[in-house]
């Protein structure tokens with residue numbers, strides 16, 4: 001056989017063997033090895049095979065007990081269903097699968113347990129503060145009991161724990177309990193009582209392994225401290241009314257019940273409200289009244305005795321024993337008879353003066369109306385009431401007063417810091433003014449107080465004034481000036497009649513610390529801008545006024561802005577500028593001098609008598625600057641060895657008896673703070689003539705020089721004019737240009 005054919009057959013054989021192995025007969029069971037089921041639930045065990053198309057299945061227990069289950073086989077799968085699970089199902093189950101001559105087995109152990117319900121909490125009675133109570137935690141229908149643990153918590157506190165591991169193993173459902181006795185306190189209200197049961201079996205799902213019951217504690221307090229309040233009194237007049245209020249402490253809040261004790265000690269129920277009101281009382285309503293507080297766990301009661309007395313005959317007059325009446329008002333005096341059905345009334349004054357009023361009688365009342373009360377109505381009035389054979393009198397005093405308006409505050413002028421001011425408080429149309437008191441306050445400080453007790457009490461309306469002087473300060477701003485008028489009425493009223501006026505204080509402060517800022521400087525070059533800024537302190541804020549001081553001392557107003565601005569200054573703007581801070585309290589003034597400096601212009605350099613003089617002549621060289629009076633004039637004589645500054649007086653320099661060496665170039669420099677300007681001229685000094693026919697070498701040299709000077713002078717004049725146009729001139733520059 002060829003080698004290739006052998007290789008192919010060998011490979012085919014190997015593949016067939018591998019395929020046969022992969023299709024081998026196998027058995028599986030689920031759940032694997034071990035499982036657990038709760039009594040009463042349904043449990044299914046599944047046995048399945050692979051590698052066999054039509055296996056045969058059989059189920060049995062390891063000890064050949066009855067299955068207590070149903071078997072359902074379908075194809076390569078067989079299901080053993082226990083429904084419901086019971087103690088008889090706690091076995092090792094074997095599944096046998098047969099395929100031809102092959103036979104396979106798998107076993108699984110089934111454990112059972114019972115933990116069907118949450119634990120129960122039971123109390124021996126209601127939870128009453130201070131009284132012991134037993135709480136029981138029940139775990140019903142437990143199996144196996146020896147794996148049970150019960151915990152009892154109050155809030156976060158563990159009260160007790162019990163493990164039942166020492167219990168004997170019996171195949172039955174048992175109910176186990178844990179008991180704890182404790183004394184409730186008020187702080188237990190709202191806490192949770194937790195009964196927690198745990199069954200320590202590993203295979204149980206964590207949610208089934210532990211069960212708990214939570215019960216919020218409701219703590220009770222039996223009724224106590226039951227009290228009764230009675231208004232107006234326990235002793236009452238016939239026809240009167242009484243209100244009795246009962247309160248009782250407890251938890252839950254006690255219900256209130258009112259009753260009355262009868263002669264046989266039986267309680268007659270009257271009301272289920274906390275308040276019991278009795279009206280139009282009669283003498284037979286006297287007796288003992290009982291209030292009882294009742295809640296779920298107890299009751300508590302309190303008693304009060306009411307005594308109803310026979311109604312007496314009483315006379316009452318209103319508004320009272322003393323009445324204050326303002327002049328012009330109306331007064332109504334009412335006299336009432338209490339305890340008499342048909343009284344008769346009469347009115348009179350204590351001095352038997354005319355009544356000046358209208359009397360009206362109606363039933364048990366009589367009124368005296370005094371219209372538009374005047375001084376003549378100031379009396380004691382008596383009301384006499386006759387009932388059967390008995391007569392009673394009641395007196396009232398009518399006192400007349402006048403106090404119609406609030407006081408008026410006036411000041412002698414505006415309030416200025418540090419300046420005395422007089423203030424007066426006027427109270428108009430007062431009576432009786434000998435009972436008047438006026439007080440003047442600044443803030444909480446009394447400036448002055450006066451009683452008018454020493455003045456004669458005459459029956460007339462008068463106006464009274466309190467006057468004082470004080471010095472305001474800035475600290476008074478925001479305070480109030482209060483004029484307080486009190487009219488004391490003796491015993492007529494507990495408090496005097498009072499009126500007041502309030503005036504807020506606003507203290508002015510005269511302008512001060514007026515300050516001027518000049519930017520950039522008070523000394524400026526003509527054409528420069530400048531800002532003059534002024535500030536002044538005061539209350540109210542001062543108004544700023546800028547003025548310029550004229551030569552005669554008068555002020556010329558310029559602006560009311562804080563800043564005075566010159567965009568381009570001129571020489572005429574130089575002068576004294578005045579800033580005034582002005583408000584109602586005064587004026588503060590500050591001044592500054594503005595100096596506008598001008599560059600030198602129109603400089604003139606002259607020589608007298610001429611630019612060409614003879615030896616021995618007197619020569620005056622003068623330099624003036626027409627546009628700027630305050631300028632420095634410097635005269636110099638130019639020389640190769642250096643310029644020589646000449647001692648000039650007011651810009652003039654005098655050469656007496658001129659010499660040949662005085663000839664040369666003279667320069668004038670005009671200087672100010674902001675600039676300078678130059679001018680120059682040439683002085684020619686000629687020697688004295690001795691012989692007309694003699695032509696000395698010196699004269700020859702002078703002649704030659706003069707022939708050069710004339711063109712030079714022309715050039716100097718040209719450049720001088722050009723320099724005047726620019727504002728400066730340099731002879732040296734001119735000569736350089738010439739060369």
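Each residue, glycine too, has its Cβ placed from N, Cα and C.
Annotation source Swiss-Prot lists signal peptide at 1-24, citing a curator's inference. Per Swiss-Prot, the feature domain 'Ig-like C2-type 1' maps to 25-111. Annotation comment: Swiss-Prot describes 25-698 as topological domain 'Extracellular'. Annotated disulfide bond per Swiss-Prot: 47-95, 52-99, 137-195, 246-291, 335-383, 534-579, in sequence order, evidence recorded as sequence analysis. Look at Swiss-Prot and you will find 119-212 tagged as domain 'Ig-like C2-type 2'. The feature domain 'Ig-like C2-type 3' is assigned by Swiss-Prot to 223-309. The annotation N-linked glycosylation site is assigned in Swiss-Prot to 225, 273, 424, 531, 561. The domain 'Ig-like C2-type 4' annotation in Swiss-Prot covers 312-393. The domain 'Ig-like C2-type 5' annotation in Swiss-Prot covers 408-506. Marked as domain 'Ig-like C2-type 6' by Swiss-Prot: 511-595. The domain 'Ig-like C2-type 7' annotation in Swiss-Prot covers 600-682. Feature annotation from Swiss-Prot assigns transmembrane segment to 699-720. What Swiss-Prot lists as topological domain 'Cytoplasmic' is 721-739.
Overlay of Swiss-Prot feature records on the structure.
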residue : record                      : contacts (Cβ under 8 Å, 6+ apart)
52      : disulfide bond              : 25, 76, 97, 99, 100, 102
137     : disulfide bond              : 119, 120, 121, 150, 152, 177, 178, 179, 195, 197, 213
225     : N-linked glycosylation site : 248, 249, 300
335     : disulfide bond              : 315, 316, 317, 345, 347, 365, 366, 367, 368, 383, 385, 394
531     : N-linked glycosylation site : 518, 519, 563, 564, 565
534     : disulfide bond              : 514, 515, 516, 517, 544, 546, 562, 563, 564, 579, 581, 590
561     : N-linked glycosylation site : 544, 546
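Long-range Cβ neighbours of residue 273 (N-linked glycosylation site) (same chain, at least 6 residues apart, Cβ-Cβ under 8 Å): 256, 258. According to DSSP, residue 383 (disulfide bond) sits within a strand segment. Annotation note: residue 95 (disulfide bond) sits in a strand segment as assigned by DSSP.
When Cα-Cα distances from residue 424 (N-linked glycosylation site) are compared across the disulfide-bonded residues 47, 95, 246, 291, the shortest belongs to 246.
With DSSP classes pooled into helix, strand and coil, the tally for the domain 'Ig-like C2-type 1' (25-111) is 3 helix, 53 strand, 31 coil. Cα-Cα distance from residue 47 (disulfide bond) to residue 246 (disulfide bond): 80 Å (rounded to the nearest whole number). On a Cα basis, residue 246 (disulfide bond) lies 82 Å away from residue 95 (disulfide bond).
Stretch with the largest number of CB pairs closer than 8 A to the domain 'Ig-like C2-type 4' (312-393), among 25-111, 119-212, 408-506, 511-595: 408-506.
In the three-state DSSP classification, residue 273 (N-linked glycosylation site) falls within coil. Per-class residue totals from DSSP over the domain 'Ig-like C2-type 5' (408-506), listed helix then strand then coil: 6 helix, 56 strand, 37 coil. Residue counts for the domain 'Ig-like C2-type 6' (511-595) by DSSP state, with H, G and I taken as helix and E and B as strand, are 3 helix, 57 strand, 25 coil. Counted within 10 Å of its Cβ, the other Cβ atoms near residue 383 (disulfide bond) come to 25, all protein chains included. Of all Cβ atoms in the protein chains displayed, 24 besides its own lie within 10 Å of the Cβ of residue 95 (disulfide bond). DSSP assigns residue 246 (disulfide bond) to a strand in the three-state reduction. Taken through DSSP, the domain 'Ig-like C2-type 2' (119-212) splits into 10 helix, 51 strand, 33 coil. Non-local contacts of residue 291 (disulfide bond) by the CB criterion (under 8 A, 6+ apart in sequence, same chain) comprise 226, 228, 244, 246, 248, 256, 257, 258, 276, 301, 302, 303, 304.
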